[in-house]
Amino acid sequence: MFPVFKAQLRKDKRNPVTIILFIVASIAATLIFGNSTIESNTEVAIFSSGPSAKEIENKWENLLNKNESSTFVITEEDKAREDVIEGRRDVAIHVMENDYRLVTSSYMPQILLVEQQVQEVFRKEAQLVAAAGNENTDELRSDIEEYMEDPPLQVQTQTLNEADVSKHDMGIQLLFGFTLFIVMFTIGFKVNGITADKVNGIWNRMILSSVSKTSMYSGHLCYSFCIGFFQTLIVFLIFKYVMGYDLGNFSMILVIVAVYIVSMVSVAMLFTGILRTPEQFNMVFSSVIPIIPIISGVYMPPGTISNVFLQFIADLFPLTHAMDAVLHVAIHDAGWSDITLPLVIMLLIGVVSMGVGINMVERRK
Amino acid sequence: MLETINLSKNFKDKKVVDGIDMYLEQGESVGLLGPNGAGKSTTISMISSLLKPTSGDIKLGGKSIVRNPSEIRDVIGVVPQEIALYEELSAYENLKFFGEIYKVKKGVLENRIQEVLEMVGLKERQKELIKTFSGGMKRRINIAAALMHKPQVLILDEPTVGIDPQSRNRILETVRELNESHGTTVLYTSHYMEEVEQLCNRVYIMDHGKVIASGSKTELLSILSSELTVQVQLSETSDHIIDTIRLLDHVRHVEETNEGIRIISKRDANILSAIVLAAEKEGIQVTHYQMETPSLEDVFLHLTGKTLRD
């Protein structure tokens, strides 16, 4: 096993560009997409027009910023409009005395969230003005705020085990999603080395040597596992210790990643069994793999993919189960018993794919 | 030392190798000749235990190795037709890898690598990547990889395909040296008659999966002892004159070559005057003729009715 393992390692030592590129791609994708999601949800430009523009802007800035999920910033009207046109911001709000207009180029999901917040504030304000009648609105507002500090009805949301409901962090989800997605390519291309060895005759030479078939397979597969795990570990370590991301219980995350990589090596082995040449493998694997995170909902908030057929297809690949497990650990502080099912499913996918894959490779003439 | 008994291989309904009997004595150099598709590669795949025969047996030192291939694997070194090397690694790293998979002991591995590099004449270029090598150099390292474990029998499957004459001579020299100086038994397959003539003590000629002739070069040439080869150049050639010559008494084979017309006929016949007469009747002059001693190529032609590279 070790000579085969070492030969693969020597090849990558000679040309480590692919691995480095994949590590950089994992980090860059997380930073670009993770941060853009957060940014678009947090800062919204507001502006007004007319002689009392300043007054109106100040009034609504105060009221809108009472909600902490978004920050509303007074901006020059021209600049706000230009930012939207140039795509620097998704939305700006033209505030008026008792009304508002959304300035946007397209109707994206995050705009819907902003509109909900703005609408809520304007509706409350309209109710307040109506309730105050001829009285002073500010006085009524402070009375209500004072009253609401100790409201008669209090609702507290808890999880089933009475813990606080944690907030879903899309940044963390994308970090795991991109890393586990990109490592699929690394694993696939390394397992493809078996087909390459078969096609160029090295496999036959190994069969004639003192190395057993088990050692030949384990050399290749162990190397694919190690390089995949190494890549993931590097990315997670950078995010945890350099960028300060909270990844939850790190040892549990690493166990999940290890099981995921074992499972993914097996899936790549299944592809190797089905496809005859390294070129076929590269073409089909590279075409199929990018679809998996999309149907698994890796790039979207949980629950977005509701189609049963897509969910079934996604369940056939380890990525869905790995994402399920790592997000439970990182966001919801799940314990071992909570992630046992996804781990077992991943191992099951691994055993079946490996069995079928090796069988098909061996049957091929 | 090594023998095949009624060895056959079928792929689906097609019989690729059909009842081959052959043997190799220790220290001998044996050629396996045949055109593309004759079944040479399938035969050596079975001998080297990569393919299971459909029927028949392969014996090493009198013991069947069909069910227990590990015995022959320790003894043979196989040089495949394709370049079976890691292109991304250097010559040294490739040989180290093959030494390791053959479990060459750590203490002797380094020496052995240098030894085989010396044999194939690439010691100076050992640190260079295989992908930067010429076709001939790659083929030499391909041979070197099969020598790492000092095999008693070296099986070479067309090791000189597609390379320049210098590299080809170097490879033939290496194989000859291995056979003569190191006592390695060689089974050399090729469709280049001259290589086999140069290297081998005995030859098996294969066609359509069967051994159609075997023996030493002299034995094979004696098949044509009753025949004569004449190379004729005419002032002009046409299909008609070729057909006319073909119909002459005692003519066995006629073919048009780059040098003119090649005719094989019965030795005693007065073939030359018959050809001159036939040509004159057509108003054609014989401008040049040459009587030739038959070669193995002629033997192959005689046995199969076609040339080796058809």
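Positions of Cβ are set from backbone N, Cα and C atoms, glycine also.
All TrEMBL annotations are machine predictions without curation.
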Stated TrEMBL location of transmembrane segment, expressed as one of A:105-127, A:174-196: A:174-196
The transmembrane segment (A:16-34) touching the transmembrane segment (A:216-239) per 3+ Cβ pairs under 8 Å rule: yes
Range from A:16-34, A:174-196, A:251-275 with most C-beta pairs under 8 A to the transmembrane segment (A:281-300): A:174-196
Same-chain residues at least 6 beyond the ends of the transmembrane segment (A:174-196) whose Cβ lies under 8 Å from its Cβ atoms: 8, 18-19, 22, 25-26, 29-30, 33-34, 37, 203, 217, 220-221, 223-225, 227-228, 231-232, 235-236, 239, 245, 247, 257, 260-261, 264-265, 268-269, 271-272, 275-278, 281-282, 285-286, 289-290, 292-293, 298-299, 319, 322-323, 326-327, 330, 361
